[in-house]
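Trainee: The domain 'Phosphofructokinase' annotation in TrEMBL covers 2-298. Here TrEMBL flags Gly10, Arg72, Val73, Gly106, Asn107, Gly108, Thr109 as ATP binding site. Marked as Mg(2+) binding site by TrEMBL: Asn107. Here TrEMBL flags Gly108 as site 'Important for substrate specificity'. The substrate binding site feature in TrEMBL is assigned to Thr129, Ile130, Asp131, Arg166, Met173, Gly174, Arg175, Glu225, Arg267, His273, Val274, Gln275, Arg276. Residues annotated as active site, proton acceptor in TrEMBL: Asp131.
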Amino acid sequence: MKLGVLCSGGDSPGMNAAIRGAVLRAVDVHGFEMIGFMDGWRGFHEGDWIALDRPAVRGLSPLGGVILGTSRVPPFAGRPGEEIDLSDFRARYDAYGLDGFLLIGGNGTQTVASILSDHGVPTIGLPKTIDNDLSATDYTFGFDTAVSIAAEAIDRLRTTGDSHRRCMVLEVMGRDAGWIALHAGMAGGAQVSLLPEFPETLEQVCEWVTSVRDRGRSSLVVVAEGFRLDGAAVTREGLDGFGRPRLGGVAEVLAPLIEAETGIETRATVLGHVQRGGSPTAFDRVLATRTGIAAADAALAESWGTMAALQGDQITMVPLADAVGRLKTVPADRYAEARLNFG
Ligand SMILES: Nc1ncnc2c1ncn2[C@@H]1O[C@H](COP(=O)(O)OP(=O)(O)OP(=O)(O)O)[C@@H](O)[C@H]1O
Ligand SMILES: O=P(O)(O)OC[C@H]1O[C@](O)(CO)[C@@H](O)[C@@H]1O
Ligand SMILES: [Mg+2]
């Protein structure tokens, strides 16, 4: 069997470990051939690929980023929901002599995996995203690393904020789901965590910040980039590779408003892509490796149209259809649990 692997969407710490896990199992144990396409679908379209064997994946587990590169280049023409013509795609697929795809990516990539699978292209999904917003899986690799980095940032902002009796606002990633803000905020003891799913008013945020000051402390406010202050998300100029508005900058909007409203000196920090960089945590390395192994085993079993999901402590192959179409956002009870201690 010959498998093609590629990464699509933003990178996520653990992608290298997932490729290594898949190669060690598929090539070394099952005797498959594997090739990796460079920069996502660009490599597939342009014939840019490398052979993946044991030497090619040596020492990859602790390595951040991804050796194959990743991109938001579309797999085929046509916007979501439109009728698609896969004839060119199929011709390429056949020319490579592939028997199946392993697609490493988030919600968008798994949607593509599902579409391909529905059109008879044998495909298996490996879920990744630091946002942890994919349905049908408990955690995606990259999330734990991002939370650890964000929690460390909170710890560091806390000491300088306390020294100056300032309110510190930290912006973390999270386009539609606030998992990073929720977990990092809880780990770092933030006084307020603001998530895309649960709009709050400026008045409420300032009430929390003031009550913290009134008991002699300085506030640490974590805000997800997709948080909707008084109903609207803050966007930057331009669009991302998928034509969506680029998010980011809500902390820089929020901080002066808090300062003006409360009279407390306030500073903003946007953590940005630091959250996606560097070596994955041990948890993410293990999750990614097991995801790769499970995907290779699923290819052997020809369980196409499935995704390697973490459910409890087991990696389970679930139908791709269960994973896509609906984001896994933070449920109201998880937010309520944290919100009771805000301020
Ligand atoms: N419904 C769709 N139809 C066709 N192509 C799609 C669809 N959804 C996503 N894609 C393609 O897949 C790429 C990857 O999707 P996306 O940019 O959402 O990343 P992702 O896999 O969700 O990872 P991230 O966590 O970074 O968002 C898109 O840039 C686009 O080219
Ligand atoms: O790398 P880019 O294109 O700036 O993407 C940033 C986006 O990717 C993610 O990290 C993962 O989806 C989001 O949290 C964020 O909005
Ligand atoms: Mg996406």
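Cβ from N, Cα, C; glycine included.
Keep in mind that TrEMBL annotations are predicted by a computer and have not been checked by a curator.
Given the structure is predicted, the values throughout are model-derived calculations rather than measurements.
Tell me about the surroundings of these features in the structure.
Mentor: In the three-state DSSP assignment, the secondary structure recorded for Gly108 (ATP binding site) is helix.
Taking all protein chains in view, 24 other C-beta atoms sit within 10 angstroms of the C-beta of Asn107 (ATP binding site).
Neighbour count (other Cβ atoms within 10 Å of the Cβ, all protein chains): 23 for Arg175 (substrate binding site).
The Cβ of Asp131 (substrate binding site) lies under 8 Å from the Cβ of Gly106, Thr140, Phe143, Met173, Gly174, Arg175, Asp176, Ala177, Trp179, Ile180, each of these being in the same chain and 6 or more residues away along the sequence.
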Trainee: Round to the nearest Å and give the CA-to-CA distance linking Arg72 (ATP binding site) with Thr129 (substrate binding site).
Mentor: 14
Trainee: Helix, strand or coil for Arg267 (substrate binding site)? Use DSSP.
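Mentor: Reduced to three states, the DSSP call for Arg267 (substrate binding site) is strand.
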Trainee: Find the shortest Cα-Cα separation between Thr129 (substrate binding site) and the binding-site residues Asn107, Gly108, Thr109, and name the residue that gives it.
Mentor: Asn107
Trainee: Taking Arg276 (substrate binding site) as the reference, which of Val73, Asn107, Gly108, Thr109 (the binding-site residues) have a CA within 10 A of its CA?
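Mentor: Neighbours among binding-site residues: none.
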